[in-house]
Amino acid sequence: MTSEQTLLVLGIETTCDETAAAVVERRADGSGRILSNIVRSQTDEHAPFGGVVPEIAARAHVDLLDGIVARAMREAGTGFPELSGVAAAAGPGLIGGVIVGLTTAKAIALVHNTPLIAVNHLEAHALTPRLTDATEFPYCLFLASGGHTQIVAVRGVGDYVRLGTTVDDAIGEAFDKIAKMLGLPYPGGPQVERAAASGDAVRFAFPRPMLGRPDANFSLSGLKTAVRNEASRLTPLEPQDINDLCAGFQAAVLDSMADRLTSGLRLFRERFGAPKALVAAGGVAANQAIRRALREVAAKAQTTLIVPPPALCTDNGAMIAWAGAERLALGLTDSMDAAPRARWLLDANATAPGKFANTRAGF
């Protein structure tokens, strides 16, 4: 396969609690088109437990995936023999679910003698704006989800440099934990956003973690503790208390995020020149308050903000299919020995950040 061909790729996503499959077309000029994109959320299965249960997720993927793939192929109006490749998220994620998706992709590829592409789930998020907006390299990616918070220089397919990451909780994880702490239903992120809209963001003086540091790392554990302490002090909580706590928490996250992104964009410019865009991806990018804050950051940095539609920010099969197509266009395929991975760094050279290392000159 070469970049001069039109490619048709099936993508499978099973890394967490969405069972998804999609068919995407990548044209010779590098543009793309989604032919189908089927996502089945497992929210109902996990809601009684207040979070994702890995074994339940894996079993649900087993039960659902064949039907989801069949529907994706049917809606795309194509058959397996017409596919140029089969892509599956091979990690990072909950290993049981990753095994289900990757094994299914291998079976399809083997039976139909079709190339297999084992996709890094994070790379799929990183490349989505090239599908939705034909974004050119290099660009600065803000990836924020329940499991990841990273600022990444995206220089090309397979070429990523992590500029910043969280030293403790991911942003989406923190939203979910605050929701659970305050007794809000699962999934917690949208519930916190909804409550915050009716709250007083200045009632509580919550900390803004990492503000003013020259690096681009995040930390949310101290903020989470501050919210817990206020909630404990006010117990029993009135509905307005919950709204105000959510509003104060979200405002602190927005201030911290804006500061960290400003540092990340500065680091990007110092190392790689001006980015073609600031791109936001991951489920957290569906939060409208976060989108507004991102627009302000991009405007101050005099760069373009690109945020894919909400359905393509959260986990989906189209992003896996597109990443597979991008890799396939470069001749990058995988053997049947491709292993599922619970952990898989986007930047293979990245190291764990030190929470208080190299924070200020002379510190």
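Numbers here mean position along the shown chain, with the first residue as 1.
Backbone N, Cα and C atoms are what each Cβ position is placed from, and that goes for glycine too.
Source: prediction; values computed, not measured.
The Fe cation binding site annotation in Swiss-Prot covers His121, His125, Asp315 and rests on sequence analysis. Feature annotation from Swiss-Prot assigns substrate binding site to Leu143, Ala144, Ser145, Gly146, Gly147, Asp176, Gly189, Asn287.
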Inset, instruction - Pop the Cα-Cα gap between Gly147 (substrate binding site) and His125 (Fe cation binding site) into the table, whole Å please. - result: 13
Legend entry - Cβ-centroid neighbourhood (8 Å) of the Fe cation site, His121, His125, Asp315 excluded: Glu13, Thr15, Ala89, Leu122, Ala124, Ser145, Gly282, Asn316, Met319, Ile320
Legend entry - Pairwise Cα distance maximum in Å, substrate-binding residues per record: Leu143, Ala144, Ser145, Gly146, Gly147, Asp176, Gly189, Asn287: 17
Legend entry - Residue pair Gly189 (substrate binding site), Asp315 (Fe cation binding site) - Cα distance, angstrom, rounded: 15
Inset, instruction - Would you count the other CB atoms within 10 A of the CB of Asp176 (substrate binding site), including those on all shown protein chains? - result: 23
Legend entry - Residues near Ser145 (substrate binding site) in space but at least six apart in sequence (CB under 8 A): His125, Ala170, Ile171, Gly172, Gly282, Gly283, Val284
Legend entry - Rounded Cα separation (Å) that holds between Gly146 (substrate binding site) and His121 (Fe cation binding site): 13
Inset, instruction - List the same-chain residues at least 6 positions away in sequence whose Cβ sits under 8 Å from the Cβ of His121 (Fe cation binding site), in sequence order, or say none. - result: Glu13, Thr15, Ala89, Gly91, Pro92, Gly93, Asp315, Ile320, Trp344
